Amino acid sequence: MLTDTLIQEFQDRNLISQITNEIDLKNILLHNKISLYCGFDITADSLHVGHILPLLCLRRFQNLGHRPVILMGGGTSLIGDPSFKLLERQLNSIELVHTWKQKITKQLSLFLKFNVGKNNALIVDNYEWFKNINVLTFLRDIGKHFSINQMIVRDAIQRRIKRLDQGISFTEFSYNLLQAYDFYFLNKQLDVILQIGGSDQWGNIISGIDLIRRLHKKRAYGITVPLLTKKDGRKFGKTELDTIWLDKMKTSPYKFYQYWMNISDSDIYSFLKMFTFLSLSEIKALKDTTKPTELNSVKKILAEYLTNLVHGSNEVRAIQRITSSLFSGKFSEMKETDFFQLEQDGMPSVQLYNSGNLQQLLVYSRLALSRSHAKSMIVSNSVRINNIIQNNPFYILCNRDKMYHKYTLLSRGKKNFCLLCWTK
């Protein structure tokens, strides 16, 4: 892939939702190595799968000699981005945000290279420049360039204003100015000319481009990647129960792997283009030679690729052992050492100290959202204990459910498992 075809490559991989001044940007990339950035607000102690796509976009640029800059929103995380948020975010302390930042920094090295010379990836924190800004100076020098008329008609703001139960605070409303200033600051200090973000960031990116034009008389550019959602409207990276994190202590490698195995059949080839570095010709060959009934083999390629990227090859091999055991259906043939291996390999598990109510255990093991949800699954024959359907909603697990006096395999449907480990 040559530099002059980078934007075309992005388009062929469905990686561009919107782009500014496409012809100019293509010409710049043809003749120059640039610095570009993507911002991440620090709202938790781990990245999640929704962050993978923009990070891989930065990596594609870095592979061609461009310098990626990661902006950690240590400052803006204290405010909260209202973009496509229905409710105002809880504000976190400076100390907590700093602790989270340290954990996230380690995860970034999974995607970007920090020791390759001229185009080393760089991490910056906007708290470092916002902490010393005088509010009067900011409003006079920066605020005067923003039109309330333009800001208030943006979709994200309108959605919040129209909610009778939840408006928008000035704190969140001002976020647009802060992100625009980020782009201006990075352009001035590091010659960053391109910002990448999710499609929900388009308005903020345009504000930054306008601010650079007004204050620097220079051109800057923006690309947004698609904001992926599932068929039910849920944001990509979330299941019906929780978020899929990159931290193995928050989401087990097995659960991470299964998330990709469970994507819609209609998404698989698009996701291979977007989330892997397989060539487009390789992906086309897969599509041309794979029967509709064999799509799980293609999902396996995607799941193993991303699990290896985030968790490493050892975890992939461990997951292969788990899936081989679980989906063979031959639980009666499993040895005690096999169950122990499942526990060690990262299969979701919970400790059980005495007999347990099935509804309660389904909730505790995160196989159900609530006891009422658990009850409906049980009576609809969706719950199995050691691969045997249990449709009594008041069932109490007891000694006869133990295998080797210690293990019970609880499942919801065909793909969701939890290992109950009884303690003596």
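For all residues, glycine too, the Cβ spot is worked out from N, Cα and C.
Keep in mind that this is a model prediction, so the values were computed, not measured.
Looking at 42-51, 112-121, 222-231, the range annotated in Swiss-Prot as motif ''HIGH' region' turns out to be 42-51. Of all the binding-site residues listed (Tyr37, Tyr175), Tyr37 sits in the most crowded Cβ setting, with the most other Cβ atoms within 10 Å.
In this entry, Tyr37, Tyr175, Gln179 make up the residues listed for L-tyrosine, with the farthest two CA atoms of the set 18 Å from each other. Tyr37 (L-tyrosine binding site) falls within a strand when secondary structure is assigned with DSSP.
Looking only at the domain 'S4 RNA-binding' (356-414), the predicted model's pLDDT averages out at 93.
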